[in-house]
Amino acid sequence: MGTTWRSPGLVRLALCLAGLALSLYALHVKAARARDENYRALCDVGTAISCSRVFSSRWGRGFGLVEHMLGADSVLNQSNSIFGCLFYTLQLLLGCLRGRWASILLVLSSLVSVAGSVYLAWILFFVLYDFCIVCITTYAINVGLMLLSFQKVPEHKTKKH
């Protein structure tokens, strides 16, 4: 049976749009901070609660790994927010497809995002000693998308005459 289009569901749609909005906001904060070091984002509540400090850290690009593995000029050494935008768009598109491969990719991509979230949360708390509201919210969104990806999609029942 081939792949067909369907609604991604309201919960997946809401989570993907929220994740996309937060990723775009993180890009905005990082760009504003690059232009003005004194920029204070809405998510900068105090010295230990500062998303702009986290986004501007070395772990805010390529998960802090790409530069050391592939070099600073690698095309993959992008802001983590770029990867977030791509991930949430992919999740939304895959959520609209009904098919075996779409389901497999949905599960695999959500598992990778949760693994990345655990890694970045560890960096956030134990290396940067910070609390990033935007980051924590995206981690929760990633867990929600992972849980959704494991739910069985109801099949359309054909009417018997």
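Keep in mind that glycine also has a Cβ here, set from the backbone N, Cα and C atoms.
Source: prediction; values computed, not measured.
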Problem set entry | Membrane-side pairing of G60 with R98, Swiss-Prot annotation | no
Exercise. So how many other Cβ atoms are close to Y139 ((S)-warfarin binding site), meaning within 10 Å of its Cβ?
Worked result: 19
For this session: May I ask which of the recorded positions N80, C132, C135, Y139 is closest to C43 (disulfide bond) if we compare their C-alpha atoms?
Result: C132
Exercise. Which chain-mates of C135 (disulfide bond) that are at least 6 residues away have a CB under 8 A from its CB, listed by sequence?
Worked result: C51, V54, L120, A121, L124
Problem set entry | List of residues, in chain order, with Cβ under 8 A from that of N80 ((S)-warfarin binding site) and at least 6 apart | A26, F55, W59, G60, R61, G62, F63, L120
Problem set entry | Whether the transmembrane segment (10-29) meets the transmembrane segment (101-128): three or more C-beta pairs under 8 angstroms | no
Exercise. Which of C43, C51, C132 has the fewest nearby Cβ atoms, counting only those within 10 Å, among these disulfide-bonded residues?
Worked result: C43
